[in-house]
Amino acid sequence: MEMYIWNTVIVVTKLMFYLGFAATAGYTFFWRDINDSRTSYTTPSYSAVWVKVCVFVAFISNAVWFIANTGAMVEEGIQGALDPFMLKIMLSSPIGEVTLYRAGGLAVALITIYLLKFKPLKPFLRLKSCLLVLCLFTLSYTFTLTGHVSELGSIARILLMVHVFVMAWWFGALIPLKLSCHYQSYEKLYKLMDRFGTQAAVLVTLLLSAGIWLAIQLVGSFEGLFSSIYGQTLLVKMFLVTSILAIAIRHKLKLVPKLKSGSGSEALSKSISLELTIAVAILIITSGLTSIVGPER
């Protein structure tokens, strides 16, 4: 029962980190588009509230994740999880290294996002953007330090970084795009969605290619995707990714072109909401895959 509780906490806190990671990516690459609407709602709603809350929750969840991993290791309840000696041991382990890197990356991201609410000079804004990108690379790197891929070679680790970076970019874009459906003019919304679709065509191809290659490496063979619980769970994740990709294709071919005629923003917003729901489901499965379910070796 105790391990069940710790595992649940580990999965939930990891999910919170994923959401904060995606929110940081969404802000990094789309905050200019959101702020460009010049409304009193979009700027404070997205940049000053939603993102900072997500990143702050991710920062706290990262610490709780570390404590939960300690508790799962010692199996002596909350007292064992907070034992200074055990915490020190865990801090020197790969889990501790991940915790420190993520804490640093999230802290810098939170400070940077907060400072962006002011209106500094363009060179300062470029510095802020560079800092946020650096934070994203740091957070992406932490995925290679623990888990199943950490046992593979350098190529697998690089592909994992590409995979999670693009995932954060894609999922993190959904809230800014949904907000834009309500607060951007049709002309600006069309340009934003068209640009996003062009970028996604390349980046999502990288995400899928890296994901499929990593999946086969982890289960040992293509057949392993069907014969193991881990592989079958990966297939469910792939199905959801394919579903969200189908929605994105529908956007590009059907919904986005309607924006040129001054209609379709409401339908696009609803479709992005569905995309968001599937994205959260994917992140939940990923949290479980990387915490509880392991490849059979």
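Every residue gets a Cβ built from N, Cα and C, even glycine.
Feature annotations, reproduced from TrEMBL:
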{"type": "TRANSMEM", "residues": "6-29", "note": "transmembrane segment"}
{"type": "TRANSMEM", "residues": "49-68", "note": "transmembrane segment"}
{"type": "TRANSMEM", "residues": "100-118", "note": "transmembrane segment"}
{"type": "TRANSMEM", "residues": "130-149", "note": "transmembrane segment"}
{"type": "TRANSMEM", "residues": "155-175", "note": "transmembrane segment"}
{"type": "DOMAIN", "residues": "192-289", "note": "domain 'Copper resistance protein D'"}
{"type": "TRANSMEM", "residues": "196-216", "note": "transmembrane segment"}
{"type": "TRANSMEM", "residues": "228-251", "note": "transmembrane segment"}
{"type": "TRANSMEM", "residues": "272-294", "note": "transmembrane segment"}
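The largest share of C-beta pairs under 8 angstroms with the transmembrane segment (155-175) comes from 6-29, of the ranges 6-29, 49-68, 100-118, 130-149, 196-216.
When Cβ-Cβ distances below 8 Å are used as the criterion, the transmembrane segment (100-118) is approached by residues 17, 20, 24, 27, 31, 47-48, 51-52, 55-56, 58-59, 62-63, 91, 125, 128, 131-132, 134-136, 138-139, 141-142, 145 of the same chain, each at least six residues removed from its ends.
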